[in-house]
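Engineer: If you scroll down you'll find the structure; I have some questions about it.
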Amino acid sequence: MADQTAAAVVVGGGAAATMGEPSPPPPAPAAEAAGVGVGQQQRTVPTPFLTKTYQLVDDPAVDDVISWNDDGSTFVVWRPAEFARDLLPKYFKHNNFSSFVRQLNTYGFRKIVPDRWEFANDCFRRGERRLLCEIHRRKVTPPAPAATTAAVAAAIPMALPVTTTRDGSPVLSGEEQVISSSSSPEPPLVLPQAPSGSGSGGVASGDVGDENERLRRENAQLARELSQMRKLCNNILLLMSKYASTQQLDAANASSAAGNNNNNNCSGESAEAATPLPLPAVLDLMPSCPGAASAAAPVSDNEEGMMSAKLFGVSIGRKRMRHDGGGDDDHAATVKAEPMDGRPHGKDEQSAETQAWPIYRPRPVYQPIRACNGYEYDRAGSDQDGSNST
């Protein structure tokens, strides 16, 4: 009877245990132990950066570039340029020496001397590679100061709201004064510094404004000088272009006038067909071609090769002839060549002395040339011809 009661109690207890809430799983302690083991395994393995750096420093093939010091407590980068060019790409996939130095700083390495790249760490020693697992990366928490600064900056405007009275003077309300007085004693120390900071900022901004204004004035002056120089250059270019065009036009006119003059002189054309030109110099009265005199008027055989005075290519050395009947004078200009020395050929010297040199009026060549002493020319001509010889 007692055995049955005990069995019932045991069965009831099992049922009660079965009907109750489930207990936590038994493998929980084992999992915690496994987690501890993983953490210990992670701490025993150094980071890849430290492992590669140790291999790089401990390699004797590159001792001329990077190596341990004499006692093995530090390592020295002897040739930073070659180290960044040849070794960093092989181990760290980059060639930035500054990035390598920043990585060393994050792991607690410090520079020993300022004149060379020598770094040291208490757990980075020659022959003690097992100490690398004790080197941990520094935790950088920059957002905390930034958040604190932002909170302080946000608290300052709320602590100093400004209201205006009826007369327009700004005052602080009583509630705001109570808040500022009941707060911690630090705000009174910060509040006086705010005007000083703003004042320094105002001074700095004022200096920057003055500098900007000075630069604006200098830029404006330079712009004015540049515009003046551009205007001067444009005027010079315009003047030179006008001068060049004028010179070309003058040269073309001179060449065309010279060509027209040569054509008129050589072809024997009258002055009426050509454009009247200004009177030339005395030396320009000579003909430009030797055939102009013979083309203008035929001469006798004994006077053919002799020089005679010409005006605009027409000989003016022949005298006016009279008709046999003594009629009206011929309006056409009939002249004959006279020798330059004034000596007649075929007569004695006495008749040459009595013969006077003909004087002509300066008339255009297309009008008949009349002699002032025509009678003397007639008598001289008759004497030369032999008709009035007495």
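Just so it is clear, glycine is given a Cβ too, placed from its N, Cα and C backbone atoms.
Below are the features I grabbed from Swiss-Prot:
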type	residues	note
COILED	206-237	coiled coil
COMPBIAS	323-350	compositional bias 'Basic and acidic residues'
REGION	165-212	region 'Disordered'
REGION	215-244	region 'Hydrophobic repeat HR-A/B'
REGION	322-363	region 'Disordered'
MOTIF	318-322	motif 'Nuclear localization signal'
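How buried are these features, and what lies next to them?
Structural biologist: Mean pLDDT, taken over the coiled coil (206-237), works out to 91 on the 0 to 100 scale.
Beyond the ends of the region 'Hydrophobic repeat HR-A/B' (215-244), by six or more residues, the same chain brings no residue to a C-beta distance below 8 angstroms of the stretch.
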Engineer: Mind checking how the region 'Hydrophobic repeat HR-A/B' (215-244) divides into helix, strand and coil residues in DSSP?
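Structural biologist: Computed counts for the region 'Hydrophobic repeat HR-A/B' (215-244) are 30 helix, 0 strand, 0 coil.
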